[in-house]
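K.L.:
Not my notes, these are from Swiss-Prot:
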- 48, 54: NADP(+) binding site (BINDING)
- 125, 126, 127, 237, 238, 281, 296, 297, 298, 299, 300, 322: FMN binding site (BINDING)
C-alpha cells in the first residue's frame, strides 16, 4: 500500500514528481456550494513559489494552478476536486551522478531499499517540490473553516531566534524570511547568504498559530487533534520534530507552572495561560492552537560527502543542482496548509459525530 493520501472526511491525495511533467492534488470530501476559483488558490502557491529571492532555490516555476474537476460555475460540486500544477523548469541533467550513488541525508537509499527502483531526478517523489500540491489543497481547506485564522512564521534559522518583544505580524510579508522580527530578518540576510555562498545550508523552526478554533474539535486517545497535527507536520519534507504548545519545555516545568488556569468569562471560560497549545485530552479548548515545526538543513550541499554506489562501493558525492540554502523558509506556507487541512477535516468529523 502506498500512502499518498491524508485525512478522514476532508481527504486529499497528492501525485507527481519533482521532474515529471506536472504534479497536483485530488481533494475529496469538500462540501458543495463553496465559491472556488484558481485565483483564490494562487496567492498561497505564490508565497511558496521558488526563485523569488537569493535565499531560496533558483528553480523558476510559475506554479500556476489549474482546476480540472469538482467545480462548476465557480462553486464546488461536492465531487473530487482535481488540481494540477505544471513543472516547467526541470534540469534533470544535474542529477546524472545521483543515479549511481546515494546522496547522504536524502531519501535515495531508503527509496531504493524499499522499492528497488527510484526516480533520481531531483529526488522524485521525495522532493519538497511535492509540497506545492499540499499548498493548493490547503487553500481549498481554508474555505471549510472561514471562522479560523491561520498564521505561520519562521522563528529561528541556524540557531538564531527572533525576539518576541519585536514581534510584528505585518512584518512577516515584508521580508523574504517570513520573519515577524525585522531585527532578526536583518541578521538572517548575512547568515543565510554566508551559508549559500559557501555551499552549505541551515535548519529552521516554523511556528504556526490557528485562532478561532472552537472548543470540541478532535477526539480522545487515538484520534487526538494534536496527534493529527503531529502526523500532518511530520509528513512534510525535511521536518524532524514537532511541538504542540510548550512541547518539550513542559518536561522542564512543574504542575503549577504548566497548568492553564481558568476563570469565568462571557459564556465560555477565560484561560489565563496557553501552555497546552489550545488542546487538552486531544480536543480543542477554544484557545489558539499552536505548533512549532523543526526543519533540518537541506541535505544538498557543495561539500563532497562520503557515500556508496548502488553496487555498495565507496565513493564521494558532491550534490549538483539548484537547492534551498534553508528549506524551512519556504516551509511556512506548507505548515499553514497542513494546519488548514487538519482543521477542515476535524470540523467535518465533529459535525458528523456531534452535529456542531
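For all residues, glycine too, the Cβ spot is worked out from N, Cα and C.
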K.L.:
Rounded to the nearest angstrom, how far is the Cα of residue 48 (NADP(+) binding site) from the Cα of residue 296 (FMN binding site)?
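P.N.:
Between the Cα atoms of residue 296 (FMN binding site) and residue 48 (NADP(+) binding site), the distance comes to 18 Å.
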K.L.:
Roughly how many angstrom lie between the C-alpha atoms of residue 300 (FMN binding site) and residue 48 (NADP(+) binding site)?
P.N.:
19
K.L.:
Under 8 Å Cβ to Cβ from residue 298 (FMN binding site), same chain, six or more residues apart: give me those in sequence order, or none if nothing qualifies.
P.N.:
201, 238, 323, 324, 325, 326, 327
K.L.:
Tell me the Cα distance separating residue 125 (FMN binding site) from residue 48 (NADP(+) binding site), rounded to the nearest angstrom.
P.N.:
18
K.L.:
I'd like to know which of the binding-site residues 48, 125, 296 has the most other Cβ atoms within 10 Å of its Cβ.
P.N.:
48
K.L.:
Quick one: give me the count of other CB atoms within 10 A of the CB of residue 127 (FMN binding site).
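P.N.:
The Cβ of residue 127 (FMN binding site) has 19 Cβ neighbours within 10 Å.
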K.L.:
Check residue 296 (FMN binding site) against DSSP and tell me helix, strand or coil, would you?
P.N.:
coil
